[in-house]
Amino acid sequence: MEIKKVTVKLENNPHEYAVEIGHDLLGTSGVWARECLSPKTRKIALVSNRKVFGLYGKAVTRAFESQNFQTRVFLMKDGERHKNFRVLESLLEFFGENKLTRTDAVVAVGGGVVGDLAGFAAAIFLRGLAFLQMPTTFLSMIDSSVGGKTGVNSGFGKNLIGAFHQPRGVLIDVKTLKTLPRRELVAGFCEAVKQAAIADRKLFNQTAEFTKNFSLSKFKRSFSDEKFVDALENLIAAQIAFKAKIVMQDEREAVERSDEKSRKILNFGHTLAHALEKVTDYKRFKHGEAVGYGILFAAALSKKLEILDENELNLLNDVLCRVGKLPDAQNINLEKVSEAFAFDKKTTGNSLQWILLKEIGKPIIVENKDIAPSLVYETLEKVLHQKLL
Ligand SMILES: NC(=O)c1ccc[n+]([C@@H]2O[C@H](COP(=O)([O-])OP(=O)(O)OC[C@H]3O[C@@H](n4cnc5c(N)ncnc54)[C@H](O)[C@@H]3O)[C@@H](O)[C@H]2O)c1
Ligand SMILES: [Zn+2]
């Protein structure tokens, strides 16, 4: 069985790590962990939630124990709202009670919520424990498990407290996606379309082809088809290779940069996404679904400004359409959305910038002050109220 590998090498960081992508890998995950970690590592804190651990925990625990790791399991509650200080504190206490030392390690088994929280705890416990990621959602496979951003939410915003802490390794078993709820899959694919749109024609075509060749509505039933599994692994590997490339040249998202290789371009579609999440109190949309609208909006605005041509816009809209339906946005108050844009501005400390598109693979950062507010408003209205999809 072939395992696909993407290496993440960071400019100012001695650690290089591999992301391994394949199927039926949980049973040998202990061997993988042993290779990633020091031979001295004894204790492993496995961090997950009840749902994911119920599905895959036994296989993972058994695999780790076969390599003489002593596993200690911490299960957090499921959901974004539990990615907070309180849970972080109880996880740190758990590490303390279990007497984890500098040579021990933390392994996240789950989606981005588990990965972000476990990674942050690993970053700060004893000033840094080795950390491994075993992502189990499509979004965490192509996005959050790679790049080293970890953190928690707080009263004043999402993801504002955190640390950069690169994992020692990432193991992706695509078959864990068999149990992923459909909305989570759609949300993850919206992020894949985002990455594809700013990457290059090759990744865009590969992502578009995948959605053409394999209907996402039959996703779960497709795992018996070897071609599907292979195409899925290749897509995930290509998506990760792109994310890794951006992260490698701008590990910490340098604030002063605004060139097309800045890590900032990964925020394509995210200014509107964050605003939509905020005005709906984080209840109506999955983050990726909001990104779906964000991409549609950024592309439509680019077209209105005559920097993106119609064919390109249609290509993007078509692929998003195949990914699936987004929750309705027709009754969203556009004034409130516009007000919420200012929030992104505050967090960057800069003036509001839009990441727009000149063509597939050619993002461009444009200052909000250089765009007529009426254009932004009209485009918002078109995308949210007139239902482009
Ligand atoms: N660190 C980064 O660079 C980065 C990047 C993007 C997003 N994020 C963060 O990632 C989080 C979102 O991650 P997510 O989309 O993975 O959400 P999530 O972790 O909440 O997982 C989504 C849901 O799927 C369930 N689940 C996970 N794996 C499953 C499986 N294999 N089968 C069945 N159910 C499964 C989870 O229990 C949860 O209910 C957000 O907190 C976001 O801020 C971080
Ligand atoms: Zn995102």
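A Cβ is built for glycine as well, from the same backbone N, Cα and C atoms used for every other residue.
Just so you know, TrEMBL annotations never went through curation; they're auto-generated.
GLY115 (NAD(+) binding site) has a Cβ environment of 29 other Cβ atoms inside 10 Å. Positions annotated as NAD(+) binding site by TrEMBL: 78-83, 112-116, 136-137, LYS149, LYS158, 176-179.
DSSP assigns HIS287 (Zn(2+) binding site) to a helix in the three-state reduction. According to TrEMBL, the Zn(2+) binding site annotation covers GLU191, HIS270, HIS287.
The feature domain '3-dehydroquinate synthase N-terminal' is assigned by TrEMBL to 75-186. Here the domain '3-dehydroquinate synthase N-terminal' (75-186) has a mean pLDDT of 96 out of 100.
Per TrEMBL, domain '3-dehydroquinate synthase C-terminal' is recorded for 188-347.
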Quick check on the domain '3-dehydroquinate synthase N-terminal' (75-186): DSSP residue counts for helix, strand, coil, in that order please. 50 helix, 33 strand, 29 coil
Enumerate the residues of the same chain, GLU191, HIS270, HIS287 excluded, that satisfy the criterion Cβ within 8 A of the mean position of the Cβ atoms of the recorded Zn(2+) site; list them in sequence order. LEU139, ASP143, ALA187, CYS190, LYS194, GLY269, ALA273, GLY288, ALA290, VAL291, GLY294
Other CB atoms within 10 A, centred on THR137 (NAD(+) binding site): 26
Here are the binding-site residues: ARG81, HIS270, HIS287. Which has the lowest count of other Cβ atoms within 10 Å? ARG81
Of ASP78, ARG81, GLY115, THR176, GLU191, HIS270, binding-site residues neighbouring ligand 1, Cβ under 6 A: ASP78, THR176
Of the binding-site residues ASP78, GLY112, GLY115, THR176, THR179, which one sits closest to HIS287 (Zn(2+) binding site) when you measure Cα to Cα? GLY112
